[in-house]
Structure formats: C-alpha cells, structure tokens
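Structure first, commentary second.
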Amino acid sequence: MLGQARYLCVIGRSSVVPAWLARVHPSTSTPVNASVFLGVFTAAIALFTELDVLLNLVSIATLFVFYMVANAVIYRRYVTAGSTNPWPTISFLLCFSFASLSFTLVWNLAPPGRTRALLLGACAVSAIAILQAFQLLVPQARKPEFWGVPMMPWIPSISIFLNLFLLGSLGWPSYVRFGSFSVLAILVYVFYSVHASFDAEEKGDLHKAGDSQSHPGENNDGSLRV
C-alpha cells in the first residue's frame with residue numbers, strides 16, 4: 001500500500017486522477033492524501049470481500065504486471081526508437097508468449113498420457129527454438145551503462161513463461177473480475193483522465209506541480225528520504 005500511494009501521487013500530478021491525491025505533507029514530504037485514500041479503499045474491499053476472491057484478484061493483477069514488465073525489459077534492450085526495426089522483437093514476444101500459453105493450456109486441459117507428454121515437449125522445444133533464434137538473429141540495440149539484466153533474453157523470457165503458466169492456474173472468475181476492473185479503469189481514463197491531463201498541460205499546471213512540490217520520499221533538496 002505504501003508503494004501504491006506513491007504511484008498514485010505521481011499519477012495525480014499528471015491529472016490522470018484528481019490532483020488532490022498528488023498533495024504531499026509539507027514537513028514529511030510524504031503523500032498523505034494518497035496513503036489515507038488507499039488505506040480506506042483497501043480496508044473497505046478487505047472488509048466486504050472473501051479472502052480467496054481477494055487473493056486471486058491480487059494474484060492475477062500482479063502476475064499480469066510482471067508479465068508486461070518482462071516483455072518491456074526485452075523490448076527496451078533490443079529496440080531503440082528511430083534506429084532499429086521493432087518488428088523482429090515484437091514478433092519474438094508474440095511467438096514466445098504463444099508457445100508459453102500453448103504449454104500452459106496443454107498442461108491444464110489435456111488428459112494425462114503419451115499425447116499430453118508429446119504436446120508439452122513440442123511446446124517446450126518450440127519456445128526454446130524461438131528464443132535461441134531471436135538471440136542469434138537480433139542484436140541488442142543498447143548496452144546498459146551501469147547494470148542491466150544479465151543473460152538476455154533468457155531471464156526475462158523465463159519470467160514471461162512462468163507468469164503465463166501461473167496465470168493459467170487461476171480460475172475463470174478471476175479473469176472476469178480482472179477484466180471488469182480493467183474495463184472500468186479504461187473508461188475512467190478515456191472519459192476523464194485524458195481530457196484532464198490535456199487541460200492541465202494547456203494551463204501549465206503540470207509544470208507548476210512538478211516545480212513547486214518535492215517528490216514523495218525526497219527532501220526539498222532532492223535527496224532521498226529513508
């Protein structure tokens with residue numbers, strides 16, 4: 001909840017959510033409004049929601065975020081805007097995700113037996129072949145200056161596979177709830193957040209907010225508050 005409050009504060013500075021959530025305490029430089037709002041909101045959800053439903057909803061959201069981050073790590077390492085062709089990397093991500101999803105579906109739906117084992121083996125070999133071909137044929141577009149994910153693209157690809165495999169272990173009600181919340185968030189973004197952000201940009205409120213307030217967790221001189 002503490003981390004999410006800081007995300008919500010930064011999003012509020014972009015006017016994607018009401019700017020009230022972006023306010024920080026004048027002496028502690030912490031996002032008090034966002035912390036209180038999330039505390040009340042999560043407490044209400046926990047009070048009126050069964051534990052297994054809440055755990056599954058948190059699990060599917062977390063796994064989906066981890067899956068997207070793993071894809072983004074590969075894309076950022078292999079694609080530079082304006083200088084590299086993104087389609088080989090995009091094609092790899094789609095093909096590898098499809099092979100991983102196929103493995104997951106066979107694991108969950110196919111009856112035990114020789115056919116199931118052969119299908120699982122075929123999916124695994126296909127995923128490894130796709131990964132190896134991408135590593136050999138597509139050069140990295142940038143090298144990290146200080147530190148970067150090692151063994152690229154293997155480690156984030158393993159993360160993609162594991163997240164899809166774990167997502168496949170969740171029941172369909174979790175997907176219905178996650179889809180409903182996602183649709184609600186998209187509607188809020190389309191009908192409120194986009195217009196509020198453009199209006200704030202035209203008025204110059206975004207620049208004023210960024211200049212007048214210290215960031216959550218930072219002192220006024222920019223040093224990190226721990």
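Cβ atoms are placed via backbone N, Cα and C, with glycine included.
Those TrEMBL annotations? Automatic predictions, nothing curated.
Under the heading compositional bias 'Polar residues', TrEMBL lists 211-226.
Taken through DSSP, the domain 'Cationic amino acid transporter C-terminal' (147-197) splits into 40 helix, 0 strand, 11 coil. Residues or ranges marked as domain 'Cationic amino acid transporter C-terminal' by TrEMBL: 147-197.
TrEMBL lists 206-226 with the feature region 'Disordered'.
Residues annotated as transmembrane segment in TrEMBL: 30-48 (among others).
Marked as transmembrane segment by TrEMBL: 54-75 (among others).
According to TrEMBL, the feature transmembrane segment maps to 87-110 (among others).
Feature annotation from TrEMBL assigns transmembrane segment to 116-139 (among others).
Taking Cβ pairs closer than 8 Å, the transmembrane segment (151-172) reaches residues 56, 59-60, 63-64, 66-67, 69-71, 73-74, 77-78, 92-93, 96-97, 100-101, 103-105, 107-108, 127, 131, 134-135, 140 in its own chain, all 6 or more past its ends. Look at TrEMBL and you will find 151-172 (among others) tagged as transmembrane segment.
Taking Cβ pairs closer than 8 Å, the transmembrane segment (178-198) reaches residues 14-17, 57, 60-61, 64, 206 in its own chain, all 6 or more past its ends. Residues annotated as transmembrane segment in TrEMBL: 178-198 (among others).
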Contact set, same chain, for the transmembrane segment (116-139): CB under 8 Å, 6 or more residues outside the stretch: 78, 88-89, 92, 95-96, 99-100, 102-103, 106-107, 110, 152-154, 157, 161
Long-range neighbours of the transmembrane segment (87-110), counting only residues six or more past its ends (CB under 8 A): 71, 74-75, 78-79, 116, 119-120, 123-124, 126-127, 130-131, 134, 137-138, 153, 157, 160-161, 164-165, 167-169
